[in-house]
Amino acid sequence: MPNASSWSASSPLLLLWEDSSGTRIFLSLLYAVLAISGTLSNVMVIYLVFSFKKLQTTSNAFIVNGCAADLSVCALWMPQEAVLGLLPPNSSSLRSAEYRLLRGGLLGLGLTVSLASHLLVAFNRYVLITKLPSVYQALYQRRHTGCMIGLSWALALLPVPLLPGLWTLGSAQSDGSSRYTALLLALAVLGQTALLLHCYLGIVRRVRGSAKRLPSPAAPPPPRRAQRRLSSVSVLLLCCVFLLGTQPLVWVSLLGFFLRPAPPALQAASWLLLCSLSALNPLLYTWRSEEFRRAARSVLPRG
């Protein structure tokens, strides 16, 4: 029977061979809840944006892009994990290298595009609030917006040719590949997080500075409507949830590369936190928007 390290390195399933049946059932139920709630919330946001013209903005285009990527995780990957967690550890489905590759591809594609969409939304709001309207309009033309969205998917598809080499069955090669893959993942998420925090902290400074000083006749008026939508409280909450979901995996990966591997349970928990963002993202970006709430009330049953 393979040990825990080879199992976690060769399969994206966040369960271990030695886990009890109760633990596996609990995690399977957790996956099922995240899959159902995440699928419904992501589909709802996509439907509202395509159905209501007021919601068809550039920022919401990036949010829809993230929701489409999150569906790859919530609607395609999580249900499989929920079912596979109920199977015996020696099931042939878990041993299939091709099937593990497919599941890993769905997870990697969805998470990569989702994280890129977080950054695209943050940068869009940063330019909207801190720059002149002419700069925003020149940068976010329809063609440029489509190129940004397409680039996020293209960057996510680049590692696909490397997946067969990363999913080898040899334990020594698998362990080495997984360590360097984890390091690259940690560095990529750290860089993305730094850029995202820079954008949102710049927004907070701009909003607070605009509230303290009187506008001069020569200065462009601050985007008051955007400021109301993105208050300091909502920015702080969004950043806290994002850091809570991404940073545990970053530091677990760095710990495993430079010092010693973290306990398997901690590795699984950090991956689970990152994957749970796919179910929470639609709420993070829409709960403060009156337009989204009004549109949702118009389509949901009353009472």
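Cβ coordinates are placed from backbone N, Cα and C, and glycine is handled just like the others.
Automatic prediction, not curation, is the source of TrEMBL annotations.
As annotated by TrEMBL, domain 'G-protein coupled receptors family 1 profile' applies to 41-285. The feature transmembrane segment is assigned by TrEMBL to 25-50, 62-80, 100-123, 144-162, 182-203, 233-259, 265-287.
The transmembrane segment (62-80) shares more Cβ pairs under 8 Å with 100-123 than with any other stretch in the list 25-50, 100-123, 182-203, 265-287. Ranked by the number of CB pairs under 8 Å to the transmembrane segment (25-50), the listed stretches 100-123, 182-203, 265-287 are led by 265-287.
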